[in-house]
Amino acid sequence: MSTEPGYASPVVNVASSLPRRAAASTVLIVPVVSTGDDDKPGAVVASAGSFLSSDAVAEIESGLRALAATGGAEQLHRLVVGSLPVSSVLTVGLGKPRSEWPADTVRRAAGVAARSLSNTETVFTTLAALPGEGVASAAVEGLILGSYRFTEFRSAKTAPKDKGLQKITVLATAKDAKQEVAHGAAVATAVATARDLVNTPPSHLFPDEFAKRARALGESVGLEVEVLDEKALQKGGYGGILGVGQGSSRPPRLVRLIHRGSRLAKKSKQAKKVALVGKGVTFDTGGISIKPAASMHHMTSDMGGAAAVIATVALAAQLQLPIDVIATVPMAENMPSGTAQRPGDVLTQYGGTTVEVQNTDAEGRLILADAIVRACEDNPDYLIETSTLTGAQTVALGARIPGVMGSDEFRDRVAAISQRVGENGWPMPLPDELKEDLKSTVADLSNISGQRFAGMLVAGVFLREFIADGVGWAHIDVAGPAYNTGSPWGYSPKGATGVPTRTMFAVLEDIAANG
């Protein structure tokens, strides 16, 4: 999907059996389960073993016995199995046996397996043969996302010596296997595109360049694209975007990407319209209210919401969802300088609301407010906004769980879908009394409250002020989940994760199917 240098997803196909003779550096990934007894070895899952001869299964289980491998969740063991036409077999543990497997269990197992591979160009897997809804798609997603690497800025001295995973063959015979596998590959590639954008350093991805990449990606899949430069923003009255960007020598942008999918619907007049909004602060120093230096370099990820939105709307066009999807993406760099906005300044948001800027490091909500008002002018049925908005999200929910706020019914719908796809968004309230803390003596609103507590919810309450009446909306705060500062886990690498791309696309699919 990406039109710029970055991660090239492996080629994915489906086969009903292993080849008679496989190429060198070929690995077969086989799921195994535990017996529940730590003294007994793991066993090959029966459905996954249906693609293997009884001799091959016996050889694998003999190897597990020799290694005292129990089949515990995400345990990996490499075996040489002479009766199979592959260089080696990689078993991945799933834990206790189940009659049906949750998709994210399979996705994580595939991701762990993929991350362990080196000098491996071709993978076969029987993971898709596991019983359970969506497991074939999940297996492919996990393999692609687990094998992700970002090497664009590495010289020959430090770049990986191998090519990385080039080809995935999914062993499956189900009627819809090819369709499910293709869907999983498309979704994972979109997530990889979002990761590439977030991992690109701010020296190379600033508002104008970000807008150019969004345009190139959008046009490559047939989206309508509109880019507003600083002059157009000034003329249009986008005070929030301009205020945040005025301290930088690299001026802000507003990008609009439009997928007109309703024309693909059987009943086009009944097709829903969805607005997507994503925070695109390409680097956030905090401005005059400057951040501590120790972790400021992580603020290369402060456009993670924008990256996910751009990848999502492009995927909607690529897979031709029969609904209208309109992405509105504000892009700015928040820098301290003689021209930067100051604490105490008052700016006028797009649409006329005035805001007192009490803290220049609460800048994301200022650019989002402009974008939300503009997005609501399109009269959407639903609006999904996502942003790396508050450190309070991580304090409240940790580094892996997004906070989901918004109108109650749609918030709960988005959170449930997020949990289903394994991104684990959690519904949070927006108490009305928090609005009192956003009162200003000189403007309509302040951009922060005077309280230490509930920072994630306060930001959501601020954004709610700009949502048009009657629009079902959700705000997904991914301050922690969008960027993994710790060790890799599951199918998540260190650095950009691409969250919440899969959540947003799954919500779009649900709206297309159910309204």
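Positions of Cβ are set from backbone N, Cα and C atoms, glycine also.
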Candidate from Asp302, Asp345, Asp381 that Swiss-Prot assigns to the same Mn(2+) 2 site as Lys279, Asp284, Glu363: Asp302
Listed recorded positions Lys279, Asp284, Lys291, Asp302, filtered to Cα within 10 Å of Arg365 (active site): Lys279
Neighbour tally for Lys279 (Mn(2+) 2 binding site), based on other Cβ positions within 10 Å of its Cβ: 31
Cβ packing number for Asp361 (Mn(2+) 1 binding site), 10 Å threshold: 18
Residue, out of the active-site residues Lys291, Arg365, whose Cβ gathers the largest set of other Cβ atoms within 10 Å: Arg365
Cβ-centroid neighbourhood (8 Å) of the Mn(2+) 1 site, Asp284, Asp361, Glu363 excluded: Val244, Val281, Thr285, Gly286, Gly287, Ser289, Lys291, Asp302, Asn334, Thr360, Ala362, Gly364
Neighbouring C-beta atoms (10 Å sphere around the C-beta of Asp302 (Mn(2+) 2 binding site)): 28
Neighbour-count leader, CB within 10 A, binding-site residues: Asp284, Glu363: Glu363
